[in-house]
Amino acid sequence: MDITIQHPWFKRALGPFYPSRLFDQFFGEGLFEYDLLPFLSSTISPYYRQSLFRTVLDSGISEVRSDRDKFVIFLDVKHFSPEDLTVKVQEDFVEIHGKHNERQDDHGYISREFHRRYRLPSNVDQSALSCSLSADGMLTFSGPKLQSGVDGGHSERAIPVSREEKPSSAPSS
């Protein structure tokens, strides 16, 4: 069986049965006009694709930063409260889990759950890790790095999520 593989630049919209946001995390938040009529963009040009109106950090996608002095993870969890979130460090990984039971929203009843796992750099000071949730729903997990390549120590422990009253200062990409 021959399968044709196309470069993404030459991909055309596949019609209303294959919406372009199939794997995005906007479940239960309504649709944009181009979600309902994706074939219109391909009639203009096969290479044209409308951009999303939301920023990367507003779409549930995380941002990981690691520089000389610290390691930081930004994650949009606006649908979860601190009580719904669990943050654990196991060995070289941080695991962030969020779950809330079924509740009513504007569109009916909904329940949400996610699980993210990130590898920590070996020189992160695991005893000084912190996690906070801003007023606009941005989870910030951070920890300082140790100097001169010292190993940060490995153990399993839970990191409490504290609530901040101000919106996040995370830059939108």
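Just so you know, glycine gets a Cβ as well, placed from its N, Cα and C.
Worth saying up front: this structure is predicted, and the values here are computed from it rather than measured.
Per Swiss-Prot, the features are as follows:
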- HIS100, GLU102: Zn(2+) 1 binding site (BINDING)
- HIS107: Zn(2+) 2 binding site (BINDING)
- HIS154: Zn(2+) 3 binding site (BINDING)
- MET1: N-acetylmethionine (MOD_RES)
- SER45: phosphoserine (MOD_RES)
- LYS70: N6-acetyllysine (MOD_RES)
- LYS99: N6-acetyllysine (MOD_RES)
- SER122: phosphoserine (MOD_RES)
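Of all the recorded positions in the list LYS70, HIS107, SER122, the shortest Cα-Cα distance to LYS99 (N6-acetyllysine) is found for HIS107. Considering only the recorded positions LYS70, HIS100, GLU102, HIS107, the residue whose Cα is spatially closest to the Cα of SER122 (phosphoserine) is LYS70.
Taking the Cα atom of each, GLU102 (Zn(2+) 1 binding site) and LYS70 (N6-acetyllysine) are about 37 angstrom apart. The Cβ of HIS107 has fewer other Cβ atoms within 10 Å than any other of the recorded positions LYS99, HIS107.
Here the C-alpha separation of LYS70 (N6-acetyllysine) and HIS100 (Zn(2+) 1 binding site) works out to 31 Å.
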